[in-house]
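Input: a single structure, listed below in structure tokens.
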Amino acid sequence: MNLVTTFLIVETFISLACTGGEHAATVTHPLPAAFSDLLPHFLVEPDDVYIVKNKPVTLTCRSTPATQIYFKCNGEWVHQDQHLIERDVDPATGLPVMQVKIDISRQQVEKIFGLDDYWCQCVAWSTTGTQKSQKAYVRIAYLRKNFEEEPLGKEVALDQEVLLRCHPPEGVPPAEVEWQRNEELIDPKTDPNFFITVDHNLIIKQARLADTGNYTCVAKNIVARRKSSSATVIVYVDGGWSEWSKWSPCGADCTMWKSRECTQPTPSTGGKECQGLDLQSLNCTSEQCPQTASGAEDVALYVGIVAVALCLTLLLIVLVLVYRRKKEGLDADVADSSILTTGFQPMGIKPTKPGVWAPRRAARSKNSHLLTIQPDLTSTTTSYQGTLRSRHEVTGKFSVSNGPLLEPLPNGSHTLHNGKLPSDPNDFMNRLSSQTYFKTLPRDNVNTSYGTFNFLGGRLTLPNTGISLLIPPEAIPRGKIYEIYLTIQKKEDMRLPLAGCQTLLSSVVSCGPPGVMLTRPVILSMDHCSDACLENWTIRLKKQSYEGMWEDVLQLGEEVVSEPYYCQLEAETCRVFTEQLGRFALVGESLSMAASKRLKLLLFAPAYCSTLEYNIRVYCMDDTQDLLKEVMQMERQLGGRLIDEPHVLLFKDSYHNLRLSIHDMPQAHWRSKLLASYQEIPFYHIWSGSQRTLHCTFTLERQSLSTCDLTCTLCVWQVEGEGQSFTLDFNISKDIRPLDSDFLLMDNCTPALAGPSAFQIPYLIRQKICSSLDTPCPNGADWRLLGQRLKLDR
């Protein structure tokens, strides 16, 4: 007995034992002697299949010559009772033919974890040996609802090439894509002016007037069919001149004319009017002129005009000379004005426009203004001459009357000049990126500030981000001049190694160049999104090394005096004191499920909607100003507008997902295309902080284009946690509510300031304060007591 026969007997015995032996009589069929040495071959092999919704799929296998045939799925034999076996004999050869079928359910596929795919394979026996079929993979078919990239509307000139992008939703099998214009299918075979690329983008080779319309990207597979938001393409025609007409006959005023019209082509659909004159004149010669203008009256007229012009010119010269002399006198007086007035001018808060709401942020630390005071930029030159006088002692305040602070300043004039930095951004970025360490520095002038500084110090600010770098006087050694930059690194480009309950609490901020020598710490300020309850967190400051590795350089609350780093955490802002420039980020690790992150919830919708569908995008992002700015800029490019005031949600480390739902819509006019009762964002997608602009889209459909009033309630809540709701009631075509996103970005500070203008307190006053508080006093009027009173003594 050979090895193959032994294997066949063992397999037969196992299958009989599994079925109790009831099929023993039909297991084997003897082969004709002439074919007893043939191996089985497959007439039909199982193919890859997809499970649609909950409908089972059937796998089929057919082999000859075969005495037995069974399925294996994921390496395990399928029970014989689950096989449907049919036996036949090939009339031409007399060989036995066996066919087997099995059904695979969705539940069977979903039970398999940790494998790439669920697969099955057919095994056939003959008296000579066995053969295995190809593997058939069984996958659950699906098609996500949201497009990864939707087409955007455009206005293009006639004959210009148009590119509309589309990235279909994720699906199995991958979705096929087709394009529609005004709900009609686009077929590039019948209209070669259209071309669909392999990555599903639509190209209009030469825009025609007839190509104006609403374009929709349609994705479909065996499960579902999805439609993107419509993109409106407007093809406009700029006007063009016709030829000039012939010159007219010479008129009585010795002038002849010619004209032209803007009709080749006539401007349409928003195109530009023709540039230039449509009427031109020319003086006639004396021979062509019917009346020759001559005589003493004309000569007198010309002489009078010339005389008036000369008088006006002389008068203008006299006025300029008088103004310049007065200005020189004023400049001399400015140097004697008070330097103190600029140092202690009351802080002005720009009022919002009537009827316009401003963003509401949580109350900051009572002492946060000490580090966030903006410099007074109302004058370019200030000076002081005089003395300081003591104010009456206030009850409850400590006295500094015995210190040198109230001694008179020296007589004389002290002039300080503001320093706005006019350096060329492109030149600076080119020099910076040529260095080896800065190969990864993005060439993004929008999110980068830079300047040249010396020992006088200064300030770099990224407007509307809450990120700034303060360089104190004497931080840069005397005799040194540094070109310093400040920039935001996008989290998608800078992956921090996070594990366990860790989460990114701030943006990744770079300041440099690294390696420069500083004689005292600079202060890097950036927003964070923690709830600032330190008993619930372990917060660490991370810094990227020259090798690209992220290292813990500080744990909040466990700072060491000898280390070059210190961190002051306020309600929404983190102040990092560092003697080394580099790339920093704030990472938190929750100590309990009570730890929370602040999420900013923003609602956007199209500013203009010409279709029945209306999309509302809900952003759920970390509550930091730089992310708010990024979303505002992105929505402005998408043609979106803010439709309600932003809300803040505390998202706890409870492993529960975030849910979003829409309610209370007038069913007679609107309906939601959401199949489920709510949408859900997984917990880790939010807690990791790695997805900067996380959002969900609610697609609504109105019954007719005349329906414009929308009322509904949109709810966002964490399962078993906190929630927020938005009550919407507005007209989508005539929405005049002042919710323009520009009002959320009101920081118009100068990105770079050098020298004394970067600081609120003038240099001489700062010197007096320091000399007064540096010396320990018997009554405790020194820096230690001031720190205790301001709760900054840690």
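Including glycine, each Cβ sits where the backbone N, Cα and C put it.
These features come from TrEMBL:
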- 1-24: signal peptide (SIGNAL)
- 153-234: domain 'Ig-like' (DOMAIN)
- 299-323: transmembrane segment (TRANSMEM)
- 447-590: domain 'ZU5' (DOMAIN)
Same-chain residues at least 6 beyond the ends of the transmembrane segment (299-323) with a Cβ under 8 Å from one of its Cβ atoms are none
In the domain 'Ig-like' (153-234), how many residues does DSSP assign to helix, to strand and to coil? 3 helix, 39 strand, 40 coil
Let's see if you can do this one: DSSP helix, strand and coil counts over the domain 'ZU5' (447-590), in that order. 3 helix, 75 strand, 66 coil
What average pLDDT is reported by the model for the domain 'ZU5' (447-590)? 89
